[in-house]
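Novice: The structure's right below; bear with me while I get my questions together.
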């Protein structure tokens with residue numbers, strides 16, 4: 001096995017690797033930072049790397065530039081939802097991470113929640129609101145059915161973009177209007193009052209869990225990327241049994257949506273001690289200070305070793 005891995009690594013270092021980053025999604029700025037960090041990590045490991053901003057360079061140029069393999073660093077729409085993966089399949093260029101189906105199902109918060117529920121994976125109660133029916137709905141009944149406080153989430157956005165919490169009819173109406181600016185379908189999820197964790201998946205391994213703490217109402221875009229008061233704990237402070245349990249649940253959720261290679265699963269614990277899976281991220285943030293590199297470091301991998309392993313996982317046997 002070791003010899004096979006060494007051989008695949010040697011072959012990868014003969015390839016021309018494109019790190020695709022930037023793009024047109026609402027997560028463009030995060031993607032630019034991820035792509036630059038990944039490219040540097042791969043270069044430090046001895047790979048032949050070229051950075052390509054898909055907002056500027058058309059994908060068809062990958063063929064003319066003789067790209068052998070792609071490391072996907074595009075977050076959100078167009079990069080994480082199966083569209084890019086389908087284009088790369090058509091161009092016959094191998095790539096990191098999940099395939100078309102796994103990417104699209106994981107990105108879609110509504111479909112992934114439906115899958116979790118069908119598979120018996122614990123997740124908070126929810127309902128779905130479509131833009132076309134918004135004006136005819138009883139927001140009062142929806143709020144009551146979900147316990148009086150909800151998280152409002154556009155179905156296909158990441159980095160907490162377009163998300164808000166609501167506990168009054170007016171707040172819910174305003175949050176839905178805001179969310180419909182990003183998507184025609186919105187997930188309403190019962191509010192979970194408890195700590196949030198995240199588990200990185202790398203191949204068949206679940207890395208050490210991270211506990212995120214923020215003084216804000218929830219772990220929103222500002223808490224993730226702008227706040228200096230957000231705290232990250234890894235080791236996460238759970239006992240061995242509880243950590244093993246969230247690792248197992250995270251792996252089940254990852255496999256349930258058809259995700260592959262690597263990713264990150266977000267999970268919360270409610271007041272009664274029950275775990276609630278939030279979502280699967282198939283292209284999580286990858287700056288030097290992002291969550292996945294933090295977990296990898298505790299696991300014993302530096303950043304270059306981490307991106308090398310992700311690239312190796314793209315080699316199909």
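Cβ atoms here come from the backbone N, Cα and C positions, even for glycine.
Keep in mind the model is a prediction, meaning the values are calculated, not measured.
So Swiss-Prot says this about it:
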type	residues	note
DOMAIN	113-312	domain 'ATP-grasp'
BINDING	143-198	ATP binding site
BINDING	266, 279	Mg(2+) 1 binding site
BINDING	279, 281	Mg(2+) 2 binding site
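So that I understand the layout, could you describe where these features sit and how close they are to other parts?
Specialist: The 10 Å shell around the Cβ of residue 171 (ATP binding site) contains 17 further Cβ atoms across the protein chains shown. Residue 171 (ATP binding site) falls within a helix when secondary structure is assigned with DSSP.
Sequence-distant contacts (6 or more apart, same chain, Cβ under 8 Å) of residue 279 (Mg(2+) 1 binding site) comprise 106, 109, 112, 265, 266. A strand conformation is recorded for residue 279 (Mg(2+) 1 binding site) in the three-state DSSP classification.
The local packing around residue 281 (Mg(2+) 2 binding site), expressed as other Cβ atoms within 10 Å of its Cβ over all shown chains, amounts to 25.
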Novice: When a 10 Å sphere is centred on the Cβ of residue 185 (ATP binding site), how many other Cβ atoms does it contain?
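Specialist: Total other Cβ atoms inside 10 Å, all chains included: 18.
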Novice: Per 10 Å Cβ neighbour count, which of the binding-site residues 143, 150, 164, 192 ranks highest?
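Specialist: Of the binding-site residues 143, 150, 164, 192, the most buried by Cβ count within 10 Å is 150.
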Novice: Sort residue 192 (ATP binding site) into helix, strand or coil using the DSSP assignment.
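Specialist: In three-state terms, residue 192 (ATP binding site) counts as coil.
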Novice: Near residue 157 (ATP binding site), which residues of its own chain have a C-beta under 8 A away, given they sit six or more steps off in sequence?
Specialist: 26, 76, 77, 163, 182, 183
Novice: Roughly how many Å separate the Cα of residue 185 (ATP binding site) from that of residue 281 (Mg(2+) 2 binding site), to the nearest whole number?
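Specialist: Given the Cα positions, residue 185 (ATP binding site) is 19 Å from residue 281 (Mg(2+) 2 binding site).
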Novice: With every protein chain in view, how many other Cβ atoms are within 10 Å of the Cβ of residue 178 (ATP binding site)?
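Specialist: Counting Cβ neighbours of residue 178 (ATP binding site) within 10 Å gives 15.
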Novice: Per DSSP, residue 157 (ATP binding site) is which: helix, strand or coil?
Specialist: coil
